[in-house]
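Next up is a structure, given as structure tokens.
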Amino acid sequence: MGNWLVNHWFSVLILVVWIGLNVFLFVQTFLKYEKSDEYYYTREILGTALAVARASARCLNFNSMLILVPVCRNLLSFLRGTCSFCNRTLRKPLDQNLTFHKLVAYAICIFTAIHIIAHLFNFERYHTSQQAKDGSLASVLSGLSHHEKYGGSWLNPFQSPNMTVLYVTFTSIAGLTGVIGTVALILMVTSAMEFIRRHYFELFWFTHHLFIVYFLCLALHGFGRIVRGQTKDSMKESHPHKCAQSFEKWDHHDSHCRPPQFEGNPPESWKWIVAPVILYIFERILRLLRSQQRVMITKVVMHPSKVLELQMTKQGFSMEVGQYIFVKCPSISLLEWHPFTLTSAPEEDFFSIHVRAAGDWTENLIRAFEQHHSPVPRIQVDGPFGTVSEDVFQYEVAVLVGAGIGVTPFASILKSIWYKFQRADHNLKIQKAGHAALNFDKATDILTGLKQKTYFGRPKWENEFSTIATAHPKSVVGVFLCGPQTLAKNLRKCCHRYSSLDPRKVQFYFNKENF
Amino acid sequence: MGQIEWAMWANEQALASGLILVAGGIVATVGRFAQWYFGAYSIAAGALVCLLEYPRGRRRKGSTMERCGQKYVAAAVKLFGPLTRNYYVRAVLHLLLSVPAGFLLATILGTVCLAIASVIYLLAAIRGEQWLPIESKPKERPQAEDIKPPPSNPPPRPPAEARKKPNEDEVAAGGNPQVNPIPVTDEVV
């Protein structure tokens, strides 16, 4: 736990600041609408639901502003590059961009739910007080219509008794954009569930572009100016504190109080989202431009188990270990970009990916290259992005565990270690690297060509860990995993069990990287 | 797009719609909105949809991740046989269930979402998909029995001269496609 905190304190700080800002914005807006005088009469009809709806709306604006930023991967790469002098821990949050994106998405869903429920109460109350004939303040306020002799200002959007809640919802800008935007949000969320993302990636990718609908609806949502408060002039003349009690006498000539005048709040959502939207548009243009750069395929290798290796070069491409690229093949699909971990080492003069058949696009890609068409299908590349797995090099002993295609990031690392070792790189702390590749096919490692011990069947982790602990009684051992969650649980348990209580003796540190 | 199993997305969408119907129904009933009895209906309809959709169906290829505790509900869903297996039936059912909730603002979001799920199920049905329960695998045998004994003899080795040749000259069938840029010396064990 302590080790985790030391590595992740900056991410934790960002998280705390984000939560703090959400709480602050919610409370501040809530108090404004609950306490301030210009909404006195509005509260008379709506009660506390007004403040709840407005507070959640402000948090929605804030989070909608944030959500586009973590997916501007070129911007993040640029930041990572510019801050290369920064401590590795300060750059770590950049690698957790997708986690942050999901967190903000969950916040948007929660605030949307609060906002909708609050507005359901608001509309119901507006409707009820429009129908009420009891002469209460609420019903008098609802009666203020467009045809008021004192200038035409209204509070209640329900103008006539036979307007239903459904009618007003679908004939007001706020209602219509609200419903459409929420449906877009729900569709985005259901197609982004982990199960769908893992097995039907294209469905997720295409459906997620509904965010354009969501942002449009969000921007337009406030243009109807349906949230109304008393105007400043009206408050100077007839302040609610002195006039609210005498509401029956507003129409009388000799009354000091005039009926209050209202105006709608100007739309503010667009102000929050205009900058990230422009940033994101730049990001997409940049991806397009980078993808137009020529990629030369230098070697194509067909491995067993339907794994395709592509070795490529591109001008100006430079990578670090453990990074990934996005690949597009226009002859298969004009729109789809798919991520692949780089399996080559930075020391090599090409970069490579290993592609496993895992769905439509990958199967089509493998088939296209299998058929030896000449010329070979054109490939477009964006990247590299992602975590630089420098942590591996910090440990004297590193255990890299990869399951299936999960060996790919470690291939890059191992090859790099090998090159560094061959070239006697003095920065290399690693003395020994053990590679457990859980593939059942061949005795030789298909990815790296490195010699390795061949074991039959699934490793017994207890045996492995105790062997390593006995062989390196005083070392710090880093265990890295790219594989399924069940394996992660297993390995984490083993790390705890085999770490010695004495901090000078063998310590196992578990790292699960999101590749 | 050929390999997308639309029913899987329809299932997620329908499950979400069920929850939204329940939530909207609760708001309308608790707040005693006008025509709140539609809200009460919505809670019941939403609960039914959630129960029907909770067990995830089996994927065509590969293994399917079960939802937590779904086997008990799946046993009940299996009992209805073709009524629950067939996606045309589900599409029609969801469409019919969604209509009454459309009369109330609090539940109309559930209506729209469930109707969309119904359309996706229709698409899945047209493509011939059907709901199949996830078979529970027999319990895994304890680890010790899985490990096959390693071979007792070392693999046959070529004579000493052949072993000294560098890697690039290997022309063995199924030879290693990996080209090593720095020469690798073969350790004779």
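Note that the numbers count up from 1, one per residue, in the order the chain is shown.
Including glycine, each Cβ sits where the backbone N, Cα and C put it.
In case it helps, TrEMBL gives these features for our protein:
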TRANSMEM  B:12-30  transmembrane segment
TRANSMEM  B:36-52  transmembrane segment
TRANSMEM  B:72-89  transmembrane segment
TRANSMEM  B:101-124  transmembrane segment
REGION    B:137-189  region 'Disordered'
COMPBIAS  B:137-148  compositional bias 'Basic and acidic residues'
COMPBIAS  B:149-159  compositional bias 'Pro residues'
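Locate each feature and note its surroundings.
Remote same-chain partners of the transmembrane segment (B:36-52), defined as residues 6 or more beyond its termini with a Cβ less than 8 Å from a stretch Cβ, comprise 14-15, 17-29, 73, 76-77, 84, 90, 94, 97-98, 100-101, 103-104, 106-107, 110, 114.
Counting residues 6+ beyond its ends, the transmembrane segment (B:72-89) has Cβ neighbours under 8 Å at 7, 10, 51-52, 54-55, 121-122, 124-125, 129-134 in the same chain.
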Mind tallying the compositional bias 'Pro residues' (B:149-159) by DSSP state, helix then strand then coil?
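Going by DSSP assignments, the compositional bias 'Pro residues' (B:149-159) contains 0 helix, 0 strand, 11 coil.
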